[in-house]
Amino acid sequence: QKPILLQGHERSITQIKYNREGDLLFTVAKDPIVNVWYSVNGERLGTYSGHTGAVWCVDADWDTRHVLTGSADNSCRLWDCETGKQLALVKTSSAVRTCGFDFGGNIIMFSTDKQMGYQCFVSFFDLRDPSQIENNEPYMKIPCSDSKITSAVWGPLGEFIIAGHESGELNQFSAKSGEQLSNIKEHTKQINDIQTSRDMTMFITASKDNTAKLFDCTSLEHLKTFRTERPVNSAALSPIFDHVVLGGGQEAMDVTTTSTRIGKFEARFFHLAFEEEFGRVKGHFGPINSVAFHPDGKSYSSGGEDGYVRIHYFDPQYFEFEFEA
């Protein structure tokens with residue numbers, strides 16, 4: 001089945017994200033452009049203009065009213081999804097690497113990089129109190145002095161966040177007190193991506209140590225491991241099947257010296273329970289940096305180092321095969 005190809009970025013894709021209903025797909029890249037597309041046909045709905053550096057992360061709230069973006073221009077911005085108007089700007093002292101809305105859409109969190117003498121922080125703002133944004137005073141700021149946060153997501157019910165670090169560690173931080181609730185180290189290298197399951201009971205991590213791992217959200221118990229022979233940049237869990245999709249490839253700087261066959265730039269599908277690979281999808285010229293399942297499970301998207309986003313709709317046989325199995 002022919003994928004829908006989205007061309008809206010000049011540089012490599014950093015993150016792609018569906019909204020809760022799945023009718024919209026948000027894409028950000030190492031250029032200052034934030035795009036939003038109709039996922040059904042790949043038509044571009046609009047752009048959010050304002051950033052002046054690479055945009056690392058994007059998130060939409062529960063009812064898709066607001067969009068949050070974090071950028072290397074040392075800012076985190078809140079947008080009106082429908083009009084594209086910038087509603088709030090939070091200035092930071094270093095690049096914003098991860099960002100996200102809590103379950104209710106009232107509280108935002110973002111983490112900043114450890115660079116230029118500044119240490120890594122996770123900041124929490126309550127959008128119901130406009131003075132916090134105006135005065136740039138988050139209600140809570142958690143310092144992370146050891147190793148910078150490279151990926152973070154909200155846990156179930158917005159009680160804590162799960163943060164993955166450059167060192168391969170995973171932490172839970174309470175969103176109320178800021179204390180570290182638990183800490184584990186299952187990965188040996190940097191965690192590139194964390195995504196939760198649809199019901200928020202599990203999450204999957206993608207790491208430079210060539211594995212993706214499945215954990216329990218609350219206890220951080222390590223459940224499954226999916227092994228490949230190259231760094232994994234992103235991993236997503238299917239909302240309807242026991243399937244996992246991984247995207248990766250070798251380091252971006254080595255891409256020009258290898259053929260696409262050796263580089264292994266396919267999206268790879270694994271069975272969640274049996275940890276076995278059962279399919280690959282080719283297409284990108286270069287590593288895949290971000291993958292996401294559509295919330296209805298009937299399609300998935302991938303964003304690559306080549307600057308393209310591809311939306312793949314599964315064939316009807318995919319669903320028949322799963323129900324027979």
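Glycine is treated like the rest: Cβ placed from N, Cα and C.
A Cβ distance under 8 Å defines the sequence-distant neighbours of the repeat 'WD' (6-47), meaning residues of its chain 6+ beyond its ends; these are 53-60, 62-64, 67, 69, 71, 73, 79, 81, 84, 252, 286, 289-296, 299, 301-311. Annotation comment: TrEMBL describes 6-47 (among others) as repeat 'WD'.
Non-local neighbours of the repeat 'WD' (48-89) in the same chain are 11, 14-15, 17, 19-21, 24, 26-34, 36, 95-101, 103-105, 108, 110, 127, 133; each lies 6+ residues outside the stretch with a CB under 8 Å from one of its CB atoms. What TrEMBL records for 48-89 (among others) is repeat 'WD'.
DSSP assignment over the repeat 'WD' (184-225) gives 0 helix, 24 strand, 18 coil. Sequence annotations record features per position, and here TrEMBL assigns repeat 'WD' to 184-225 (among others).
Feature annotation from TrEMBL assigns repeat 'WD' to 281-311 (among others). Only residues 6 or more beyond the boundaries of the repeat 'WD' (281-311), in the same chain, are considered here, and those with a CB under 8 A from a CB of the stretch are 3-18, 20-22, 25, 27, 29, 37, 39, 42, 193, 195, 198, 231, 233-241, 245-252, 255, 260, 263, 265-267, 269, 319.
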Average model confidence [pLDDT] within the repeat 'WD' (6-47):
96
Number of helical, extended and coil residues in the repeat 'WD' (48-89), per DSSP:
0 helix, 23 strand, 19 coil
Take the repeat 'WD' (6-47) and count its residues per DSSP category (helix H/G/I, strand E/B, coil), listing them in that order.
0 helix, 22 strand, 20 coil
Could you break down the residues of the repeat 'WD' (281-311) into DSSP helix, strand and coil, giving a count for each?
0 helix, 16 strand, 15 coil
